[in-house]
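Peer 1: To start, I am sharing the structure in question, which I have written as structure tokens.
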């Protein structure tokens with residue numbers, strides 16, 4: 001597949017701009033990071049070093065979230081030693097005045113050898129039992145990944161790997177862009193913050209947009225916004241999608257919607273009731289029935305009949321996102337051919 005012009009002049013590279021939109025924690029930034037990997041723009045050593053503290057913070061937050069949930073779920077730890085480790089971790093999380101990377105790699109009386117301590121408490125049956133109930137409390141989607149790698153992450157010479165960076169949760173502030181060449185075209189992807197406070201900046205990113213990629217999390221149907229505990233995340237995503245569909249500047253361009261975190265949704269729907277978000281749902285805990293119900297809810301919001309394509313994705317899966325990116329390229333090529341009256 002290639003991009004082309006229709007004149008007699010030598011071929012020039014076509015510039016394609018895609019804007020990633022969606023609410024906070026939908027997986028936009030993970031998708032954005034995967035695009036770099038897929039298109040041979042790996043993270044530099046400088047970027048990997050700069051992400052080291054973020055990865056360590058993700059590890060600490062994962063451990064803290066489970067320990068906090070133990071109390072709520074009334075699940076005990078197996079030993080007094082683990083109770084003492086838990087107390088240290090809770091104190092460490094509370095003390096945000098210190099540099100976390102320094103604390104985790106410095107041998108002190110209170111925080112010495114934290115990697116081994118976190119590893120020990122992570123093996124406690126109570127921790128594993130709490131994680132099985134992860135849908136009853138707020139926790140990073142990749143918490144178990146970071147806990148499984150805790151000793152490596154806490155080593156003094158640790159530098160974040162590509163997989164660490166992809167798994168790490170970071171809040172997008174402002175506008176981030178990546179540009180690369182693929183199939184003879186120059187592709188620019190623009191990622192903007194999904195929090196409500198960040199959305200006012202979106203309008204500046206819409207100029208010369210070729211297509212919109214809207215990302216929503218299937219897993220969000222029973223969760224509330226961090227910035228507004230009274231608003232259901234999926235309802236917020238649907239409201240935002242309706243606004244995107246109604247924008248005049250997007251009237252003539254394709255909207256590609258990714259229903260993300262399918263892996264987590266498959267697990268959650270076995271335990272949680274979709275009627276928490278949609279009282280008109282009657283399909284029980286059947287994965288495909290529930291998934292299709294959500295997809296159709298979003299489709300119904302496209303009242304202006306914008307050109308719309310749907311994909312179910314898991315943004316942490318590189319192979320899955322690679323296939324989605326190939327589909328996006330094919331969608332835009334088909335549109336090129338239609339515009340040229342070739343098909």
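The chain as shown is numbered from 1 upward.
Each Cβ is built from the backbone N, Cα and C atoms, and glycine gets one as well.
Reproduced below are the annotations present in TrEMBL:
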type    : residues                                                   : note
BINDING : 29, 172                                                    : Mg(2+) binding site
BINDING : 141, 142, 191, 192, 193, 194, 195, 260, 261, 262, 263, 315 : GTP binding site
Peer 1: Could you measure between residue 191 (GTP binding site) and residue 29 (Mg(2+) binding site) for me? Cα positions, answer in whole angstrom.
Peer 2: 7
Peer 1: Would you kindly give the Cα-Cα distance separating residue 29 (Mg(2+) binding site) and residue 141 (GTP binding site), rounded to the nearest Å?
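Peer 2: Distance between the two Cα atoms comes out at 13 Å.
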Peer 1: CB neighbours of residue 29 (Mg(2+) binding site) within 10 A?
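Peer 2: I count 24 other Cβ atoms within 10 Å of it.
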Peer 1: Fill in the CA-CA distance, residue 263 (GTP binding site) to residue 29 (Mg(2+) binding site), as an integer in Å.
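Peer 2: Taking the Cα atoms only, residue 263 (GTP binding site) lies 17 Å from residue 29 (Mg(2+) binding site).
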Peer 1: Would you identify which of the binding-site residues 191, 263 has the most other C-beta atoms lying within 10 angstroms of its C-beta?
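Peer 2: Its Cβ has the most other Cβ atoms within 10 Å: 191.
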Peer 1: Using DSSP and three states only, what is residue 261 (GTP binding site)?
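Peer 2: SS state of residue 261 (GTP binding site) = coil.
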Peer 1: So how many other Cβ atoms are close to residue 141 (GTP binding site), meaning within 10 Å of its Cβ?
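Peer 2: Its Cβ shell of radius 10 Å holds 20 other Cβ atoms.
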